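Below is one structure, written out as structure tokens; comments come after it.
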Amino acid sequence: QFFVFCHGLLQLSQLLVSGYLKSSISTIERRYGLSSQTSGLLASFNEVGNTLLIVFISYFGSRVHRPRFIGCGAILVSLAGFLMSLPHFITGPYEYDQSVASVFSNTTDLCQPEGPGSQGNLSDAGCAPHAARENHEVLLVMFIAQALLGIGGVPIQPFGISYIDDFASERNSPLYLGILFSVTVIGPGVAFMLGSAMLRFYVDIDKVTGDEVQLTNRDPRWVGAWWLGFLVAASLVAVSAVPYFFFPREMPKEVGEVLQDFPLVLLRNLRHPVFLLVVLAQVNLSAMVAGLATFMGKFLERQFSLTASFANMIIGAVNIPGAMVGIVVGGAILKRFQMSLRQCSAMCVLGMLLCLLIAFPLLFLGCPTQKVAGVTYSKSSEFGHQALECSLQCNCPEKAYNPICGSDAIEYISPCYAGCGVVNIDNNSVQNYTNCSCISENGLVGFAKPGTCGTGCSHLLLPFVVLSCLAGILASTSHTPSFMLILRSIQPEDKSFAVGIQFMLLRILAWMPGPVLYGSAIDTTCILWEKKCDRNAACRYYDNNLFRHRYLGLQFFFEVGAF
């Protein structure tokens, strides 16, 4: 029972490390200027190390000191977690464009007609060779950490489960495994809640004092303390790893199979039509979940103008518990009605059909991108970044990004682009910008408030969350019956091996390519990229309608595939 407790704790903290990355992905994109394709690849990279080893490890499981192996794996996972936060400590503080850069410098992005000399070094500061190199180092460290995370996670689940199953009584084994299984489902929820808590703190909380930070967490340039959660999670893993070095090896039962049967068993299972079809359906569902888990937070932030912290809270408190309810309900129905295999498959099909009906309206619940002068909106017929003649004499730095919302309800990329000449400050925070030549209201010169105008979509958030939660519940009711279909339709002695093959196929076909596919689709909907050293960095503005249609359309496509 102590082993079950330790294993639950370890699995929870391992999932915290891997799930936390997904909760802070939009923040890391913004901090290091990554495209969604890159961040999607990063998020799925831990599966690479995992996939290479999982089949062999589960095959040799009974010949090694399992608890000790689990402990070593956990130490690797903990190392990976600490490595993930390393970029924060090796790079300088986060830099963003400020209208009042600080008391110490006269750089500003107000309208300054007297000539380009007064601009200071606002735009090109970030493009020294060391900045580009620094960015490569950051990516390298993170990719190595993700690979380590995958490798370290390999022995944890299969060894733990087989160890418990070997030494628990027949009667208690299902209960113990059920406890562990529920922990694996709760884990990501806890990870998103951890993300929600940590992203409320400013990223450089350890490098600058509070009154130097001029951003609020509602500002689109806000970057939360993404690294803090990795330290918390990695420390937890390290603590959970300790007991494993003290568990006994116990006598393993003898296993007759040797490596030469490997190809035979593999072929026998892959030729099994039920096994193959169910696994393909699960591949579709998993690909959907992979994209959802990685970019749902980003989607909510952009579509409904939420903070990263609040978006994570919704996912951790609503969507993930919804999926848990679905899994439990599916299992309960199975148990209550003692279903045959045919009834199991009928239940899966029905669940997916209802899910499709509920998920379809989601495609239409959303609003277009707010009007951004020179990006999505132009007063004159001329279109494009330089279209604002009214601010031509201001010598605006091209890369400036300090969005403000004009009194005409149009967003401007920076106070300079709106032609604002005056900034009003109170208690070290910007109250508003006045004297803006581009903003006119009833013939008067308008003013602007700092921060984005937002999409004006908040009234659709509740129906969206309710429907997506319902769709999630319905889709996950098919989880347990689809497992049963696999376990009951293959030869009993192939069970553990078939489950190993199943997980490997899910990883190779869904968990690895899924986030990259979604990330690439999201990148195609960007309308204004941040430029770093003449390469696209993070996306400033998306075409929200396209983003919604491609992101949720991809999700819908996989749901149809599963159905």
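Placement of Cβ uses the backbone N, Cα and C atoms for every residue, glycine included.
Keep in mind that TrEMBL annotations are predicted by a computer and have not been checked by a curator.
According to TrEMBL, the domain 'Major facilitator superfamily (MFS) profile' annotation covers 1-563. Per-residue confidence over the domain 'Major facilitator superfamily (MFS) profile' (1-563) averages 83 (mean pLDDT, predicted model).
Per DSSP, the domain 'Kazal-like' (384-455) is made up of 6 helix, 32 strand, 34 coil. Annotation source TrEMBL lists domain 'Kazal-like' at 384-455.
For 421-468, the entry in TrEMBL reads domain 'SWIM-type'.
Taken from TrEMBL, the feature transmembrane segment applies to 41-62 (among others).
Only residues 6 or more beyond the boundaries of the transmembrane segment (69-90), in the same chain, are considered here, and those with a CB under 8 A from a CB of the stretch are 7, 10, 14, 17, 21, 32, 46, 134, 137-138, 141-142, 144-146, 148-149, 151-156, 159-160, 163, 203, 226-228, 230-231, 233-235, 237-238, 240-242, 244-245. Positions annotated as transmembrane segment by TrEMBL: 69-90 (among others).
Summarising the annotation, TrEMBL assigns transmembrane segment to 138-163 (among others).
Positions annotated as transmembrane segment by TrEMBL: 175-203 (among others). Counting only same-chain residues 6+ beyond the ends of the transmembrane segment (175-203), those with a CB under 8 A from a CB of the stretch are 4, 7-8, 11-12, 14-16, 18-20, 22-24, 27, 31, 88, 94, 157, 160-161, 164-165, 168, 210, 213, 215, 217, 222-229, 232-233, 293, 297, 307-310, 312-313, 315-317, 320-321, 323-324, 327.
The transmembrane segment annotation in TrEMBL covers 223-247 (among others).
Within the chain carrying the transmembrane segment (274-297), a Cβ under 8 angstroms from the stretch's Cβ atoms is held by residues 19, 22-23, 25-26, 36, 39-40, 43-44, 188, 192, 195, 308, 311-312, 315, 319, 341, 348, 475, 478, 482, 485-486, 489-490, 498, 502, 505-506, 509-511, 513-515, 517-519, 522, 551, 554-555, 558-559, 561-562, all 6 or more beyond its ends. The annotation transmembrane segment is assigned in TrEMBL to 274-297 (among others).
The feature transmembrane segment is assigned by TrEMBL to 309-334 (among others).
Per TrEMBL, the feature transmembrane segment maps to 346-366 (among others).
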Long-range CB partners for the transmembrane segment (346-366) (under 8 A, at least six residues beyond its ends), listed in sequence order, are 281, 303, 330, 333-334, 339, 457, 460, 463-464, 467-468, 470-471, 474-475, 477-478, 481-482, 485, 544-545, 548-549, 552-553, 555-556, 559-560, 562-563
Counting only residues at least 6 beyond its ends, the same-chain positions whose CB falls under 8 A of a CB in the transmembrane segment (309-334) are 23, 182, 185-186, 188-193, 195-197, 199-200, 217, 224, 292, 296-298, 300-301, 344, 347, 351, 465, 468-470, 472-481, 484
